[in-house]
Amino acid sequence: MAREKFDRSKPHVNVGTIGHIDHGKTTLTAAICTVLAKEGKSAATRYDEIDKAPEEKARGITINSAHVEYSSDKRHYAHVDCPGHADYIKNMITGAAQMDGAILVVSATDSVMPQTREHILLARQVGVPKMVVFLNKCDIASDEEVQELVAEEVRDLLTSYGFDGKNTPIIYGSALKALEGDPKWEAKIHDLIKAVDEWIPTPTREVDKPFLLAIEDTMTITGRGTVVTGRVERGELKVGQEVEIVGLKPIRKAVVTGIEMFKKELDSAMAGDNAGVLLRGVERKEVERGQVLAKPGSIKPHKKFKAEIYALKKEEGGRHTGFLNGYRPQFYFRTTDVTGSIALAENTEMVLPGDNASITVELIAPIACEKGSKFSIREGGRTVGAGTVTEVLE
């Protein structure tokens, strides 16, 4: 019998720095890399390398963000840092950089500021489960009473947004001093990583979640049935299993009689695969792009939901003017556009290009979605915004 291969891989966790401008997010990111590089657990990365974050596109939106990697004794981390406030908002709403947890940076000299609040609220809305606090600039604001007051304020704020403020770890440090190699402050970076290891939960791997495939195309194979193709978003599918076809039409069940990838027959397909799935007893006209194949009972179709959105600026290819209550664009979920109308929050009259807002959406046809589902807002095929479902209503 062949011996099982020794598995060296550590659990992979995605984190990111959040917090008010100039509170030290990028300096902390550089400090983590520099301190851990001394133990061979990261590549030393300079502040200016992180600060000139490259552009990337997610859901038709350009976002600047820097990605660094490091390891602790327990885990491997991918860490995202954004240069600008708008980049954070876009990043969280599009899910361009998925965050399993966050490191909230608060300057002990300033305490809680407007973007501190906004980032905590957004993290809550898009489902970041926990965060660790790094109270920065404690070398300057060295009065312990002042530090305690700031820590208390941060705990209260976290609690008010639904996080566990009472038990959230707070590390008192100085990112700049750690970056400069002062051993007293380097030790605080190790404390921070230990807190992240222990407080931020290991995410469920995509392959362990319930199966879901977004249908991109359909075809008939004479004598065998209907094949749907698309990317497996999560989970695993095996030949012989029953699936549900969800969205746009009433839910119907079907049995999988074959799976193909790159013209080869397979007995299973898993998260990340592009596969063709043969369905028994389903006619081609009964399935269409925009529906999903899913594990029975795991996802429901919805027409009405609440969402957090970002409206693109004119320079980003967005609208030139704001939109009002009742605006009817298309909502692009996974592989298809569905028209819907937007109801703004009570105290909002208009959403201007560059704004982020909480809205309620009512679609003309139900689509498979759940809390955390991402979508683009489009007008005539061009992206004018992006959003995350925060609550399904009906």
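Every residue, even glycine, has its Cβ placed from backbone N, Cα and C.
Noted in Swiss-Prot for the protein shown:
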- 10-204: domain 'tr-type G' (DOMAIN)
- 19-26: region 'G1' (REGION)
- 19-26, 81-85, 136-139: GTP binding site (BINDING)
- Thr26: Mg(2+) binding site (BINDING)
- 60-64: region 'G2' (REGION)
- 81-84: region 'G3' (REGION)
- 136-139: region 'G4' (REGION)
Provide the three-state DSSP residue tally for the region 'G2' (60-64): helix first, then strand, then coil.
0 helix, 4 strand, 1 coil
From Cys82, His85, Cys138: binding-site residues whose CA lies within 10 A of the residue listed as 'Mg(2+) binding site':
Cys82
Segment-level pLDDT (mean, integer) for the region 'G4' (136-139):
98
Note down the number of other Cβ atoms within 10 Å of the Cβ of the residue listed as 'Mg(2+) binding site', including every protein chain shown.
22
Identify, in sequence order, the residues in the chain of His85 (GTP binding site) that are 6 or more apart from it along the sequence and have a CB within less than 8 Å of its CB; answer 'none' if there are none.
Ile21, Gln115, Glu118
Which state, by DSSP, holds the residue listed as 'Mg(2+) binding site': helix, strand or coil?
helix
Quick check: in three-state DSSP terms, what is Cys82 (GTP binding site)?
coil
Tell me which residues of the chain lie with their Cβ under 8 angstroms from that of Asp22 (GTP binding site), as long as they are six or more apart in sequence?
Ser107
Looking at Cβ-Cβ distances, which residues of the chain lie under 8 angstroms from Lys25 (GTP binding site) while being 6 or more apart from it?
Thr17, Ile18, Gly19, Asp81, Cys82, Val105
Could you break down the residues of the region 'G4' (136-139) into DSSP helix, strand and coil, giving a count for each?
0 helix, 1 strand, 3 coil
